[in-house]
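Asker: Following this message is one structure expressed as structure tokens.
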Amino acid sequence: MYNGIGLTTPRGSGTNGHVQRNWAFVRPGKKDKDYRAEDDTKKLDAQLNRPPNKEILDHDRKRKIEVKCIEFEEILEKQGRTPEEIKSHVDSYRQKLMGQGKTDLAKDEFGRVAVRETHQIAEAQQQKNAKLREAFNISEYFVEGSSFDCDRKAKEDLAKTVALQKELDAQRESLAAAAAVATAAAAAAAAGKDKETGKRYALLRTPSRERDDVATGAGKPDAPANSGDEREHVSKSDRKKKKKRARESSASPERRKDKKKKSKKHKKERDSYEKESKKKRKVMYK
């Protein structure tokens with residue numbers, strides 16, 4: 001054995017225990033090495049310098065504020081305050097905490113940032129990079145790799161204009177969204193007022209072929225224009241006739257015969273009544 005390599009004892013191995021290198025091993029040359037391209041380095045930089053999610057950080061901050069408010073509420077309950085006083089004190093305390101803005105990151109006894117969550121670590125790294133950039137007087141819009149470039153100033157100005165344009169676009173989108181929400185709220189309020197005041201829309205007449213024919217006099221070109229009462233009377237008479245026809249069509253033959261007999265009987269009675277009335281008139285006029 002030499003330098004921890006080889007057999008502990010050559011006994012039983014059929015060798016003399018001499019250690020030497022493997023002459024059959026081919027070492028990789030420089031051509032076989034795969035160097036990283038520029039895109040790969042950019043991807044690695046983006047992964048290392050990934051910005052934190054602001055929504056998650058804001059949610060975490062609000063959660064901590066609510067925990068403090070609950071603790072404060074428990075203290076007030078122990079003091080024997082009324083529910084109204086507790087609510088008002090807790091609301092004012094919450095507004096105070098929300099107005100403070102960002103909370104400081106937790107630090108250990110040596111002053112180092114002691115955070116474990118990914119987004120908090122990324123935020124701490126951003127703060128650290130900002131302090132270092134300020135110490136070396138590096139511009140916020142510095143383009144990496146342009147230190148010895150004669151057009152460094154132009155590149156920084158271009159990056160600055162692009163960043164400002166993005167901020168303006170974001171502000172416009174937020175204003176448009178707020179305006180849309182305001183218009184929707186105004187429309188909902190107007191609809192609620194209309195319901196409260198009891199506003200009703202005029203009823204629309206559904207089109208009917210029979211009614212239109214009666215109103216326009218279709219099928220009777222020489223018929224004069226009727227008034228509204230006459231139209232109603234005609235429509236009622238048409239309905240009665242239709243009902244009568246339906247009854248007659250559905251009636252049995254025996255019932256039809258009875259109806260005919262009754263109609264003849266009524267006709268005779270009518271004729272006799274008319275004759276008697278004529279005779280009486282003649283006698284009166286004589």
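Any Cβ shown, glycine's included, is placed from N, Cα and C.
Taken from TrEMBL, the feature compositional bias 'Polar residues' covers 10-19. The compositional bias 'Basic and acidic residues' feature in TrEMBL is assigned to 29-42, 228-237. The compositional bias 'Low complexity' annotation in TrEMBL covers 182-191. Sequence annotations record features per position, and here TrEMBL assigns compositional bias 'Basic residues' to 257-268. What TrEMBL lists as domain 'CWF21' is 57-102. Per TrEMBL, region 'Disordered' is recorded for 1-42, 182-286.
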Asker: Summarise the domain 'CWF21' (57-102) as counts of helix, strand and coil residues per DSSP.
Answerer: 40 helix, 0 strand, 6 coil
Asker: Mind checking how the compositional bias 'Polar residues' (10-19) divides into helix, strand and coil residues in DSSP?
Answerer: 0 helix, 0 strand, 10 coil
Asker: What is the three-state DSSP composition of the region 'Disordered' (1-42), stated as helix, strand and coil residue counts?
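Answerer: Summed by class, the stretch gives 5 helix, 2 strand, 35 coil.
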Asker: What does the DSSP secondary structure composition of the compositional bias 'Basic residues' (257-268) look like, as residue counts for helix, strand and coil?
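Answerer: When I sort the residues of the compositional bias 'Basic residues' (257-268) into the three classes, I find 12 helix, 0 strand, 0 coil.
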